[in-house]
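Features as listed in TrEMBL:
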- 39-434: domain 'Amino acid transporter transmembrane' (DOMAIN)
- 42-61: transmembrane segment (TRANSMEM)
- 68-89: transmembrane segment (TRANSMEM)
- 118-141: transmembrane segment (TRANSMEM)
- 162-179: transmembrane segment (TRANSMEM)
- 185-206: transmembrane segment (TRANSMEM)
- 272-294: transmembrane segment (TRANSMEM)
- 314-336: transmembrane segment (TRANSMEM)
- 357-377: transmembrane segment (TRANSMEM)
- 383-404: transmembrane segment (TRANSMEM)
- 416-440: transmembrane segment (TRANSMEM)
Amino acid sequence: MGTQAPSDHQNNNYVGKNDEEIRRQKQLEEWLPITSSRNAKWWYSAFHNVTAMVGAGVLSLPYAMSELGWGPGVAVLVLSWTVTLYTLWQMVEMHEMVPGKRFDRYHELGQYAFGEKLGLYIVVPQQLIVEVGVNIVYMVTGGASLQKFHDTVCPSCKNIKLTYFIMIFSSVHFVLSHLPNFNSISGVSLAAAVMSLSYSTIAWGASVDKGVQKDVEYGYKAKTAAGTVFNFFGALGEVAFAYAGHNVVLEIQATIPSTPEKPSKGPMWKGVIVAYIIVALCYFPVALIGYWIFGNKVEGNILLSLEKPAWLIAMANMFVVIHVIGSYQIFAMPVFDMIESVFIKKLKFPPSATLRFIIRNAYVALTMFVAITFPFFNGLLSFFGGFAFAPTSYYLPCIIWLVVKKPRKYGLSWWTNWICIVLGVLLMILSPIGGLRQIVLTAKTYKFYS
């Protein structure tokens, strides 16, 4: 390694290159969104994590419960919470396990574990599927919640197509996407984190107020055994989708300052714990109370089951919109970072505001277009959920841990990781099956751009 002690800027990634090259690298890193500012506080990491984690997925948890049933449902919720907290801890630990070097991005960790080429091929496609997938799903959610808000506030108004609501929602992002880095969106993110707690509380509070429905049933609602099994698989994907903050965890940690005496994992872990407590407060009451009140008649989005009081539901939907705005930005930031890296490092474009303006607007437009074209929400959730969330949140960190840390065979750490890997792989195989079936069923009756 270099003789110089690694300060925050001089990173040992650059050893063996000449000074000119180092200076250029440094300039580029300071321009890129993830590494440009490293002065975040621990509570930034808390609300970035809450915003990334508590997605609109929380509103479909009662529905997932109705497809899983009481026993398996509670087990899956608790298991997911525990497993993802464990893998999140691994990510936080691994951020600085090589002295003097920080893995600022998920794929840098992957490259360290699996080699330069393979690491990219393993991590980047998955991370992109997750982040772009989330952005598309959130376009739909944002639009649908705006529509619900409009219909609740003014039932007698003329019906406006979902397409237009998605456009209205995306208009915000054409502005917000130009905030340069993670710290600059911390205000947006804080608002979003507060909102997620608020609408979760509204969701279960209003359910309790409504009281257990007269004709409530807790059995599976599919008439056939096959239907039940497929729904079960789909629900697994929906739960996996609900715990999907891992894709941005290293990127969030990259914004926290770090010195050898005070590594960034201290404040980051503090933030993660706070975030996970908030996540539990959002998820468990909604899932359990929602299912307890409505049984298997609960809608795919619990706010739809609660028609009254109208003002409260309208408010909750507005909260969802604000939260989804924040989440979209958090998941888009690493994507911007990747695209911008390719442009300035591989294609040697000079870093400029124009470049950023074009790239980010194009990206928002793309996600908007896809969202308008395919707005079947639940099926997409479990399909993407299983396909890409399971790996990045459940077992990729474990594999990297096994490769890099090499724990003792058959020791506790070894077993824990293998159990997580097996659970994760099962999730990845089973839930897209359920999701795909749902998409096929929806697509039968679906008209484009209606």
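From the backbone N, Cα and C atoms, a Cβ is placed for every residue, glycine too.
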Annotated stretches the transmembrane segment (272-294) and the transmembrane segment (42-61) touching (3 or more Cβ pairs under 8 Å): yes
The transmembrane segment (416-440) in contact with the transmembrane segment (42-61), cutoff 8 A, at least 3 CB pairs, sep 6+: no
Winner by Cβ pairs under 8 Å against the transmembrane segment (42-61), considering only 68-89, 118-141, 162-179, 185-206: 185-206
Tertiary contacts of the transmembrane segment (68-89) (same chain, 6+ residues out, Cβ under 8 Å): 61, 218, 220, 232, 235-236, 239-240, 242-243, 245-246, 249, 269, 272, 276, 279-280, 283-284, 287-288, 291, 393-395, 397-398, 416, 420, 423-424
Contact check, the transmembrane segment (118-141) vs the transmembrane segment (357-377), 3+ Cβ pairs under 8 Å, seq sep 6+: yes
Within-chain partners of the transmembrane segment (162-179) [C-beta distance under 8 Å, separation at least 6 from its ends]: 139-140, 142-144, 146-147, 150, 185, 188, 321, 324-325, 328-329, 332, 336, 356-357, 360-361, 363-365, 367-368, 371-372, 375, 449
